[in-house]
There are 2 protein chains.
Amino acid sequence: MILPHQRTYKERALKQVNPAAILLLETMERKKSNLAVSVDVTKTKDFLAIIDVVGPFVCLIKTHIDILEDFDLNVIHQLQDLSKKHDFVIFEDRKFADIGNTVALQYSSGVHKIASWSHITNAHPVPGPSVITGLSSAGLPLGRGLLLLAEMSTKGTLTTGVYTEEAVRMARARRDFVIGFIAQHRMEGVGLAPGEKADEDEDFLILTPGVGLEAKGDSMGQQYRTPKEVILDSGCDVMIVGRGIYGTDPSLTDTIAARAKKYMEEGWEAYCQRVLCP
Amino acid sequence: MILPHQRTYKERALKQVNPAAILLLETMERKKSNLAVSVDVTKTKDFLAIIDVVGPFVCLIKTHIDILEDFDLNVIHQLQDLSKKHDFVIFEDRKFADIGNTVALQYSSGVHKIASWSHITNAHPVPGPSVITGLSSAGLPLGRGLLLLAEMSTKGTLTTGVYTEEAVRMARARRDFVIGFIAQHRMEGVGLAPGEKADEDEDFLILTPGVGLEAKGDSMGQQYRTPKEVILDSGCDVMIVGRGIYGTDPSLTDTIAARAKKYMEEGWEAYCQRVLCP
């Protein structure tokens, strides 16, 4: 049996039903990039500058819009312009984790209006299926897609065992909206009862943070793996890199572009080995 | 052995170390209220109006600041004025659930600057202890307190068994900052190894959502218990009520005040039975 990650991104795009999943896979194929950059800065000027520099090398930009001190809706318009200019998907990493009614409001309302501009967002499965119900009520009519956090890469995380299995079961029940997972590994077979089989066309995308060219960690409990470990060895689909690319000085545009290019090339090389690119 | 919830809020305030825990317990004693109102509306005008009406009856106002469509920092100033006028504690129900570095930024920065005004906030334990480390780096210098979500009241929640035990263990390791739990029950003894004893002065506050005068549920998976079940039978400290008090029309101030008063009285009566008030 051929597993989803042994097929090309292009083939997989043809079998997806969710518009955000299709958009992401087609973008990856078109740009030959499985690199996502997580832009975790607090000033709009730096935020937009970094995105403009790494834009050519990424399939996806991951945001924490709620850390921008000088946020207004104009930032979103500029982000959307950059998304068109450089052809990337937008993923607001909000990690929704409340009851259905609350997440529906947090997703669609407030000053950030995430559902109106972010192609993809994510949620912790911890509240149970109602978190998906709530988010889908706002996101599905807009063609958005949801990732569930099936695993985290921090020390002492509780996303293990039954927790991860339940996340996958919740996703299987809502394949119209849940397009994949934030995880460290592929999830095929996870959470299936003995003798139970997943649908033949089940194909969840795996987006993986905690990626660095050299494996190491930080003082806040984050741990790192290399692009080859993530894409080739673990079969993940998108690798998410943050400070490893843009460092601490957004004005060093040549350095940032060179790093993004290197990650992109390493990630694509690992993918090509995985699917046996011609 | 006398358990924490068998003592009065006043006695318990004397043994706490965290300023936010002391403030909350003293406020409860002073106002004879263990009622918190969760104000989940999207317009600032409604938000402030409801708080002004329920203010006299509550020890705490719970906010979802990120659902306010017309938020600006002026809202915070008005919220703080109401907090002084009516003598209540502020709890932003943000449910932080990311890695340490990110939650530190989400808590202190962005347009909402939660750490600067919210006495108490909360976090899911799912990322592991680093979520507490990150939040405490911003909150502890300001005298803030953190609640961990040890249990949720939604159908199919994953906050069970080992998950809840780990939450309590994380809290025990950081009693300077973690002042209690969002939970349905008391947590004494939870997560202790065989033969292990908790510190004698361990006293976590239990704040409990999902409270209604009549038990029922909503279509998004929320489930309800009565004040007596929550405060007397389960020994929880603060009961959190939302739409059950302010309904759908914020202009019905008399109705809202009457409901808040009724909840306050039922909650305090249950507390008095618990601690055998003279």
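Each residue, glycine too, has its Cβ placed from N, Cα and C.
Per TrEMBL, these features apply:
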type     : residues                                                 : note
ACT_SITE : A:Asp93                                                  : active site, for OMPdecase activity
ACT_SITE : A:Lys95                                                  : active site, for OMPdecase activity
ACT_SITE : A:Asp98                                                  : active site, for OMPdecase activity
BINDING  : A:Asp40, A:Lys62, A:Ser153, A:Gln222, A:Gly242, A:Arg243 : substrate binding site
DOMAIN   : A:34-258                                                 : domain 'Orotidine 5'-phosphate decarboxylase'
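Distribution of TrEMBL features across the structure.
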| residue | record | Cβ contacts under 8 Å, 6 or more apart |
| --- | --- | --- |
| A:Asp40 | substrate binding site | A:His64, A:Ile67, A:Gly242, A:Arg243 |
| A:Lys62 | substrate binding site | A:Ala36, A:Val37, A:Ser38, A:Val39, A:Phe91, A:Glu92, A:Asp93, A:Ile240 |
| A:Lys95 | active site, for OMPdecase activity | A:Asn122, A:Ala123, A:His124, A:Leu149 |
| A:Asp98 | active site, for OMPdecase activity | A:Gln106, A:Pro127, A:Val131, A:Gly134 |
DSSP three-state assignment (helix, strand or coil) for A:Lys62 (substrate binding site): strand
Cross-chain proximity of recorded positions to B (CB under 8 Å), evaluated over A:Lys62, A:Lys95, A:Gly242, A:Arg243: A:Lys95
Cβ neighbour count within 10 Å of A:Arg243 (substrate binding site): 14
